[in-house]
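Below: one structure, written as structure tokens.
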Ligand code: ADP
């Protein structure tokens, strides 16, 4: 039995979870928020113990020290000392074409993660910070990096390459890398077990603040809606998703925006926010319910885009066994699921509207019994997937 500490380090937050493997038992979890800002917050949970406090956390190092203190504290703790942690698993968003597998962190790996900063400027720097502070606090513990892009390594060239001059692929590595791979891998494996069919054709739909879809054939990612960067495919909270690139040139050349401003518009001011003024789907659903036309249209547009990708992915797989809804919106919004699955009988997708309305924290099937395609709601669990990969790695 081994305890794996999972760290997901963001620019101003550090999430952690201690999982006992292989039993998959969560011993404790928590998050340090507003790192480096006035009034940082720390939440910690272990069994029936809850800690929630405002404190001063100037940097990630103090954040992890505080988390470690709680994990080992006489009253709140679950372990005695650092030796009770077998390995620390770090979520790293971008592995580029350097990392296709989980790996042990050493000096070279850190250097390579740094070299990938330009591909994931918002994520890889804080991910590396998480690794560095964990090394500082746990100098004798194995640090393992798990990459979000790794699951998509199986996407074939015909889907991975963009139809631009080859030199951009060969010399500059401009290609589809994909994101949310840890989540897509976790839920698609859950689905394969659930439907008990290893050679299956599955579409995994991850709808959180960022949204993406993956075509998973025989357990492998074969296409994915995000690409070189995190703004392709679906309509997201603040990101446009698919857009005719002429719009970008029009913004810059005709309307006088700088490239940074255009980037900001498409990534931070678009998507559901640009369409409605709200980025949180709960607010948009409430306003739509009260009759707001812009919110009603935004929900229709959101679902329409997902529907188009379902059609495309069913076509490239020559069939479909199951679709999965996961993450904040996928797991909770019966409205989006209903709009997506409406009028899809031709593809064998038939939603049971009553079951769709029922909530649960467990994997659940929301299709009609006669539906050829299973419609599954599967809570994602990226930390558990990282713990599984780390545990496998250290065996
Ligand atoms: P992140 O990508 O940051 O991990 P989440 O997976 O937590 O995001 O998803 C956040 C999104 O989930 C938000 O748009 C939020 O409105 C939506 N969401 C959460 N709960 C519900 C709910 N009950 N109904 C509809 N949408 C929800």
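From the backbone N, Cα and C atoms, a Cβ is placed for every residue, glycine too.
All TrEMBL annotations are machine predictions without curation.
Here residue 8 (Mg(2+) binding site) comes close to 14, 15, 16, 90, 91, 130, 382, 383: these same-chain residues lie at least six apart in sequence, with C-beta atoms under 8 angstroms from its C-beta. In the three-state DSSP assignment, the secondary structure recorded for residue 8 (Mg(2+) binding site) is strand. Look at TrEMBL and you will find 8, 382 tagged as Mg(2+) binding site.
According to TrEMBL, the feature ATP binding site maps to 15, 206, 207, 208, 209, 210, 280, 281, 282, 328, 329, 330, 331, 332. Reduced to three states, the DSSP call for residue 329 (ATP binding site) is helix.
Reduced to three states, the DSSP call for residue 91 (substrate binding site) is strand. Other Cβ atoms within 10 Å of the Cβ of residue 91 (substrate binding site) number 22 in total over all chains. Sequence annotations record features per position, and here TrEMBL assigns substrate binding site to 91.
Taken from TrEMBL, the feature active site, proton donor/acceptor applies to 148. According to its DSSP assignment, residue 148 (active site, proton donor/acceptor) is coil. Taking Cβ-Cβ distances under 8 Å and a sequence separation of 6 or more, the neighbours of residue 148 (active site, proton donor/acceptor) in its chain are 91, 92, 93, 94, 95, 179, 180, 181, 182.
Residue density at residue 180 (site 'Transition state stabilizer'): 29 other Cβ atoms are found within 10 A of its Cβ, drawing on all protein chains shown. If you look up TrEMBL, you'll see 180 (among others) marked as site 'Transition state stabilizer'.
Classification of residue 239 (site 'Transition state stabilizer') by DSSP places it in coil, neither helical nor stranded. Cβ-based neighbour count (10 Å, all protein chains) for residue 239 (site 'Transition state stabilizer') stands at 27. Residues or ranges marked as site 'Transition state stabilizer' in TrEMBL: 239 (among others).
Taking only the Cα positions, the spacing between residue 280 (ATP binding site) and residue 239 (site 'Transition state stabilizer') is 12 angstrom. On the backbone, the CA of residue 207 (ATP binding site) and the CA of residue 239 (site 'Transition state stabilizer') stand 13 Å apart. The least crowded of the binding-site residues 280, 331, 382, judged by other CB atoms within 10 A of its own CB, is 280. Here the Cβ of residue 207 (ATP binding site) has 27 other Cβ atoms within 10 Å, regardless of which shown protein chain they belong to.
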